[in-house]
Each structure stands twice: as C-alpha cells, then as structure tokens.
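Okay, so here's the structure we're looking at.
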Amino acid sequence: MTEEFDQTEAERLVDRDMQPGDGRDRALRPLSFSDFVGQKAAIANLKVFVDAARRREEALDHVLLSGPPGLGKTTLAQIVAREMGVGFRATSGPVIAKAGDLAAILTNLEPRDVLFIDEIHRLAPAVEEILYPAMEDFCLDLVIGEGPSARTVRIELPPFTLVGATTRAGLLATPLRDRFGVPVRLEFYDEAELGFIVTRAADKLGIGATPDGAREIARRARGTPRVAGRLLRRVRDFAEAEDADHISEAVADRALKRLEVDAIGLDSLDRRYLRALTESFGGGPVGVETLAAALAEARDALEDVVEPFLIQQGFIQRTPRGRLATGRAWEHLGLVPPQSGQPAAPGGLFGK
C-alpha cells in the first residue's frame, strides 16, 4: 500500500528539515560505516578514532557533528554507537529544559555509552554549565538546597561519549565547542552519491529504479539524502498508481513535475520568490520585508527556508540595499535581464 500524498505549505518536499513521515523507513538507513555513502574523509577519520577507542576499551572522545539539515548526523551518531558496541541514548537541546533533566540522563548511562544531543546549540545556558564537568571530568557538580544551607555534591559518572549535532556551529559557546575532541563537518552530497542512495533505497522499498530514474530524483534533491528519500517515496506513489514495476526516468520526471519540483530542485515557492524579485521588482535590490509582503509569506520563512538554497545556487545575492537577482535567476526563468543603467526597481529603498 502506498503512502497518501499530503503536503501542507509548511511541509515542502524539498525542505531539508525533518518532517512527519521522514522516519518511517528506518530500514533504509545505513547501519555501519561501510554502508554509509558519501562524506568519505569524515567517515575515514571516524573509523580510525572508533577502532582505536575500541581496541583500548575506552570511551570515544566527544564528537561534534555539524552541517546543514538532512545530511545524516543522527544516522552517523547511531553508527558510532553500533561500531563501538555500546548503548545509544538520544535527546535534543530544546527538550532538556533544566539541569536536573540532563543530570537524570547522565546518571543512567553505562560505561562508554553514546549520548546523542541533537540541536545542541539550543541548550539552555544553565544546562551547558552542568555539561562542562561531565564532559571533561566525568562528574556532576550539583547544588543541593538553597541559601545558607546549600551544599555542593559531586557525583561520579562512567566514561561516556557525547555526540552533539548542530546546523549552526557558530552559535555554540566556545567552552562547549572546545570540549569536543572530534569535530566533524558534513558537506552536501554530489549527484552520483545521491543516485546510489536512491537506487539502494528503491530496491529496499521493493520497486527498483533505473540508473536514469535514480539520477532524475538525485539531481532534484538539493544535495541532501533526506530530500532524496522524501522525493523517492512520492515518486514511488506515482509509479504504483501507473502500475509501473520500476522507477524510470520518464516516471520520475512526470511525478516530480506534478509535484512542482523542477530540474534543479526548485519548488513553487522558490520560483514565486524569483518571479517576484525579477518581474515585480526588476531584479532588485529590494528589501526582504517587501518581498515577504508581495509573497504573503513571513520574513523568517524567506530568510531561513527559501533564501539559503537560492544563495548557495547563485540565484540571488544579499546586499546592504536588499536582494538582487543574478543572471542565473533570469536565465532559469527564461527571462531577459534589464540592461545596466536602467532605473532602480520600485521597492529597492525599503529596509532589509
């Protein structure tokens, strides 16, 4: 039975952040370093560190995984625990509201266990403070009581490995960042790597994909395995609706066109943004507030969700005067850019 296609405005198919349904196909995730596709340098180094720690029968040094959403940070943390042959506990920064919450988690760890904290940059400062001695000395310093009768109690912890994941490493406090002995930066995947991931996932889903069909999905996946998996599930729905026994290039192309994901991974919101910038404002410069009003979208949604990929792909520039469309944006839309020297487009004087 196929999954029902249901996409709200807040759940874009090409969004790199986790969405409901992304975790349903856990069997598709790699289980070992040898199964993990891409990130060759990072994986090679991690294998050395894990093998060395396992031979010494010590806890692996603390690991910081950073990079854009959807590249496999959670999966990699699970693989580290599995390769070490130890337990795995997972939580996230926003969930740990109080120092006591973290203390409860830490005191229940077994020796050499892996504790994974997603979105570690969102830890509260009070929680970070209790984490410092836990990471460095494997102990907790807790204050019991209040006022003159307050006293400090030190609790010894078993050696453990903290694996932190963040999409915004720059927001980590320096004392916290410095306590990670193994920093790992994950990069976007190339089309060949994503094609391999799609092919393998399609086989596990029981439908199969031709090399051209897998490549058609891969090149629209924004360099992100999570997006590739999401697009594959939707294309599978269309393939089964057409009684196709595999995903061919034609099947994938028809499905993705109906889903309004174009040849390079732009969706309808991306194209609306570019058309507003080029057709309504002459390519800019135009303030993001003006664009948000024209598109009836929140400014934060444009800055955090839409613009990063457009900037990365060279479609727009952020300037002190506002947003500017590049030549590639005009070309992608099939439009002719204005000649240099034309008057500034309306809206260019509005604030960023």
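One-based numbering along the chain as shown.
From the backbone N, Cα and C atoms, a Cβ is placed for every residue, glycine too.
Annotated features in Swiss-Prot:
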REGION    1-189  region 'Large ATPase domain (RuvB-L)'
REGION    1-25  region 'Disordered'
COMPBIAS  9-25  compositional bias 'Basic and acidic residues'
BINDING   Leu28, Arg29, Gly70, Lys73, Thr74, Thr75, Glu136, Asp137, Phe138, Arg179, Tyr189, Arg226  ATP binding site
BINDING   Thr74  Mg(2+) binding site
REGION    190-260  region 'Small ATPAse domain (RuvB-S)'
REGION    263-352  region 'Head domain (RuvB-H)'
BINDING   Arg299, Arg318, Arg323  DNA binding site
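Here the features listed in Swiss-Prot are placed on the structure.
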residue: Leu28; record: ATP binding site; DSSP class: helix
residue: Gly70; record: ATP binding site; DSSP class: coil
residue: Glu136; record: ATP binding site; DSSP class: helix
residue: Tyr189; record: ATP binding site; DSSP class: coil
residue: Arg299; record: DNA binding site; DSSP class: helix
residue: Arg318; record: DNA binding site; DSSP class: strand
residue: Arg323; record: DNA binding site; DSSP class: strand
Expressed in Å to no decimal places, the gap between the Cα atoms of Gly70 (ATP binding site) and Arg323 (DNA binding site) is 27
Restricting to the chain of Glu136 (ATP binding site) and a gap of 6 or more, list residues whose Cβ falls under 8 Å of its Cβ, or answer none. Arg179
Taking DSSP states H, G and I as helix and E and B as strand, how many residues of the region 'Head domain (RuvB-H)' (263-352) are helix, strand and coil? 41 helix, 9 strand, 40 coil
In sequence order, which same-chain residues at least six apart have a C-beta under 8 angstroms from Arg299 (DNA binding site)? Val288, Glu289, Ala292
Out of Phe138, Tyr189, which has the highest number of nearby Cβ atoms, where nearby means within 10 Å of its Cβ, if these are the binding-site residues? Tyr189
Any idea of the Cα spread of the ATP site, Leu28, Arg29, Gly70, Lys73, Thr74, Thr75, Glu136, Asp137, Phe138, Arg179, Tyr189, Arg226, as a max distance in Å? 38
Alpha-carbon spacing, Arg323 (DNA binding site) to Tyr189 (ATP binding site), which is rounded to whole Å: 27
